[in-house]
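J.: Here it is, the structure, as structure tokens.
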Amino acid sequence: MKPVIALVGRPNVGKSTLFNRLTKTRDAIVADFAGLTRDRHYGNGKLGPHEYIVIDTGGFEPDAVTGIYKEMARQTRQAVAESDVVIFVVDARAGISAQDYDIANYLRKLGKPTVLAANKAEGLPEGTQVSEFFELGLGEMLAVSASHGQGMRMLVDLALAPLNLPDPAEETEQEDPAVIKLAVAGRPNVGKSTLINTWLGEERLVAFDLPGTTRDAISVPFEHAGQKFELIDTAGLRRKGKVFEAIEKFSVVKTLQAIENANVVLLLLDATQGVTDQDAHIAGYILESGRAVVLAVNKWDAVDAYQRELLQRSIETRLGFLKFASIHHISAIKRQGLGPVWKSIIQAHASANRKMSTPVLTRLLMEAVQFQQPQRSGVFRPKLRYAHQGGMNPPIVIIHGNSLDHVTESYKRYLEGRIRKEFDLVGTPLRIQLKSSVNPFKDKE
């Protein structure tokens, strides 16, 4: 499970710039709950051997009691609670402020691993950049410059050191290939808990906590129609006697970790609310993670024909990048439409692990090129020579040839469609990688 790092500090110390450096992306999952005046942003990153999740927060005033500052303080406390380690960001140029003392006192009481990052330290004399911040009494300190990218790797190493993470090269996870690891993802109140409790009740599940670190999500083993599953908690599973029941407790971190840990993700939408920004964010994360996915539109019984048509258009427009996924219309509370969902989950898992032989892929490639050649780019016309499988879950197809950097995205989509049809790939992303042969005369006149 990826460790979680929370960025905490008063306003304008450079937390967002640091967030962008640590994640190397402008994209983020946003906890856009109704009524929030300041969102928490979540992003993936990897500096060094370990991947991690970073939470960016607003300016923190621990003692704020009214208005926007109270809400921002609550958001920051939630981020800290979700995290494994805190990076406390201060302004090396401005020096210590009263707010810094308040935040340091708050963090010290929590006892959570904390690293102090003195940001904006570029150009300051070495040795004076962090010296005064020793007064805050928070242990490890480092002078960094988020805007210049200075000290980023060392900062991550310091932050993750207390967690004693295993070496990724040595970390081996024994998985039963016969078990499908399933995560039910979705916004708050779309019906995840209702659906999961329906399954729990139907299957009379006996649950247990799988061994692992304290960051591991609770997993529930069960069997449906002879197929073994492992349900990964995203809805706040709570033990009730010998079984678990789900409560509607939304956690972005738990959702991201569950998606990463799953073989198949069931993305639940609310028919009464349409496709929201957060639905699209979660769907994008599922695609980015390469997970097989099934879409289920809950509360279908609560909308009329006109609303259903609008919803279908919304799915096509906002979730068009998941057009390979099966869509089901269900009512979790009435237990309607749930049977076909299981069939699609199993089909998506099988597609994600489909083996594709090199001869068949190469024949398919030649037929595709014969039917429609790639577009010429200036004097270059890409030549596609052969293809082979480069991985599974998600399936990866590697195509070799010449001048492949001139292959258009539309042509890649054309090839993807041919491959999907040939191998019946439903419910899984398909990644196509193009590898051009080296031209020995490229740099010679």
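Going from the start of the chain as shown, residues are counted 1 onward.
Including glycine, each Cβ sits where the backbone N, Cα and C put it.
Because the structure is a prediction, the values reported are computed rather than measured.
Sharing the record's features from Swiss-Prot:
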DOMAIN    3-167  domain 'EngA-type G 1'
BINDING   9-16, 56-60, 119-122  GTP 1 binding site
DOMAIN    180-353  domain 'EngA-type G 2'
BINDING   186-193, 233-237, 298-301  GTP 2 binding site
DOMAIN    354-438  domain 'KH-like'
J.: Count, for each of the binding-site residues K15, K192, the other C-beta atoms lying within 10 angstroms of its own C-beta, and report the residue with the smallest count.
T.: K15
J.: Sequence gap of 6 or more, Cβ distance under 8 Å: name the residues on the same chain that satisfy this around F60 (GTP 1 binding site), in order along the sequence.
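T.: Residues satisfying the criterion: V8, G9, R10, M72, A73, T76, Q99, I103.
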J.: Work out how many Å separate W300 (GTP 2 binding site) and K15 (GTP 1 binding site) at their Cα atoms, rounded off.
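T.: Here the two Cα atoms are 42 Å apart.
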J.: Rounded to a whole number, how many Å is the Cα of K192 (GTP 2 binding site) away from the Cα of T57 (GTP 1 binding site)?
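T.: Taking the Cα atoms only, K192 (GTP 2 binding site) lies 27 Å from T57 (GTP 1 binding site).
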J.: By DSSP, how many residues in the domain 'KH-like' (354-438) are helix, how many strand, and how many coil?
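T.: Looking at the domain 'KH-like' (354-438) with DSSP, the answer is 32 helix, 24 strand, 29 coil.
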J.: Sorry to bug you, but what's the C-alpha spacing from T57 (GTP 1 binding site) to N189 (GTP 2 binding site), rounded to the closest Å?
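T.: About 24 Å separates the two Cα atoms.
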J.: Using C-alpha atoms only, work out the spacing between T57 (GTP 1 binding site) and G186 (GTP 2 binding site) and round it to an integer in Å.
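T.: Each residue's Cα considered, T57 (GTP 1 binding site) and G186 (GTP 2 binding site) end up 22 Å apart.
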J.: For the binding-site residues listed here, N12, T57, N189, which shows the highest count of neighbouring CB atoms within 10 A?
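T.: Output for this query is T57.
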J.: Using all protein chains in view, find how many other C-beta atoms are within 10 Å of the C-beta of G186 (GTP 2 binding site).
T.: 25
J.: Distance between K15 (GTP 1 binding site) and G186 (GTP 2 binding site) at the Cα atoms, whole Å?
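T.: Between the alpha carbons of K15 (GTP 1 binding site) and G186 (GTP 2 binding site) there are 28 Å.
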